[in-house]
Amino acid sequence: MQAKNWLLGLIAAALIVAATSKALDLHPSVWLTKEARVKPAVSAPTNPAPHDLTQALTTAFTPNYRAIVQMAAPAVVGVTVAGQHALGPDDVAPDLDDPFFQFFRGLPGFQLRTPKQAPGAKVPFRSQGSGFIIASDGLVLTNAHVVREAKDVTVKLNDRREFKARVLGADTATDIAVLRIDAKNLPVVRLGDSEQLQVGDPVLAIGSPFGFEQSASQGIVSAKGRSLPGDSAVPFIQTDAAVNPGNSGGPLFDGNGAVVGINAQIYSRSGGFQGLSFAIPIAVALKVKDQIISTGHASHAHLGVTAQDLSQALAESFGLKMPNGALVSSVLPQSAAAAAGLQPGDVITEVNGEAIERSGDLSSRISQQAPGDRVKLTLWRDNKELVVSVKLGSADDSSTEKPRAGQEAKPDDLDLSLRNLTREEMAATHLQSGLVIEGVSGPAAQAGLEPGDVLLSVNGQAVQTPDQVLRLMRRKPKAVALLIWRNGDRIFIPIQMQ
């Protein structure tokens, strides 16, 4: 009898727990809205003070990924494109059963050349990406590279309905495209605030990797403000959520189920996911979306400089204690930077009071401004800090002209053999002045200087003759920063003097 009572009690307790859990579940209808709302998602406290860390850990929340997927899946779509793709010289016939034969990022798959097809020949292609609905009347966001060269775009909804889509505009600088489908009363995602996202926050990606629709993967924010080669206009969110070919254009959700990014790229040596994926912040995407809807295209501000990161040696060469900032290596003629008096050798440490840690920070901050905006740049020049106001130009109007810079001699301390540029070399390099490095050894060779490099300045001072270099080296600096022209690029190379 006691055993029977004990069993009945256990069953009753289980039923109570199950009912309570069910009551706490978030039903999808609670989350779905007819229009996306641009409101910061409620999240756990960020950036706690050191004495609050223990409390923050004990009060940390665990996302309900199941509820997020149920909430968001109806508004996540597949994007299929078809068109014609010009074959490149390296295209080869693929193994059609190999899922990697389509280029990541949803770009046109290699419809690849047979022996009868020459490079440049047009061949049909089909490729797939992802996207998400942000307005109930059929507005969809995805990546620009997903719809590049597309003649036909189809959006497939979660309920398996398909709609032909019209590309309202695509911005290659930020990799954002806006699509329109002819449908009404569609579910939409909830938009969050990517600025509030912190490293360590949980995230969830939903998309169609390799065509497997509505696939979800979770991870954390690994870093913020990442600058990638060729994508300097975007301060990427780096995550370890599994993202693969086909995920491009799909949403990245925070732990509260709000979209904070658009999955765009991965870093991979194999073609598949290796723990490094990158998303475009939703704040960037929405600014571009608004411009595309208003004008059909997006405009981006342009400063007109080429910049590089500072190493410790370069920082010491310029009299800085820390290697923080963007080192200006060249200034485009007739640009906003030139009009404001910026010079090669300037180190930009702040934009509108916000610190610049790396050159990528400068690019992303400027790109988010509008042409014609005024920004205050804090510079380090000649061991002094100064503030310069710059009226930004437009990236669309920027000139393609190369930036400008300035008897054989051998400054012994540098172990360089130098001579002046000839007229023919000036014409070929578009340089007004400079010193050709004909021989290099010692510290300069160890630092990476090569014969054929053109020396433009020493510690920010332009040099036009070998004698100028000799005079500068008589000061016996502990470190020097040489501005070098090499194959059309300008780079600073630091040298520690022995």
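The backbone N, Cα and C atoms fix where each Cβ goes, and this holds for glycine too.
The feature signal peptide is assigned by TrEMBL to 1-23.
The Cβ of D175 (substrate binding site) has 26 other Cβ atoms within 10 Å, all protein chains considered. Annotation source TrEMBL lists substrate binding site at H145, D175, G246, N247, S248.
For H145 (among others), the entry in TrEMBL reads active site, charge relay system.
In the three-state DSSP reading, D175 (substrate binding site) counts as coil. Under the heading active site, charge relay system, TrEMBL lists D175 (among others).
The active site, charge relay system feature in TrEMBL is assigned to S248 (among others). For S248 (substrate binding site), the number of other Cβ atoms no farther than 10 Å from its own Cβ, over all displayed protein chains, is 31.
In the predicted structure, the domain 'PDZ' (304-383) carries a mean pLDDT of 90. Residues or ranges marked as domain 'PDZ' by TrEMBL: 304-383 (among others).
Residues or ranges marked as region 'Disordered' by TrEMBL: 393-412.
The annotation compositional bias 'Basic and acidic residues' is assigned in TrEMBL to 399-412.
For 441-488 (among others), the entry in TrEMBL reads domain 'PDZ'.
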Sparsest-packed of the listed binding-site residues (H145, G246, N247) - C-beta count within 10 angstroms: H145
Composition by DSSP (helix, strand, coil) of residues within the domain 'PDZ' (304-383): 20 helix, 26 strand, 34 coil
Pairwise C-alpha maximum, in angstrom, for the residues (H145, D175, G246, N247, S248) that bind substrate according to the record: 15
Secondary structure tally of the domain 'PDZ' (441-488) (DSSP, helix then strand then coil): 14 helix, 15 strand, 19 coil
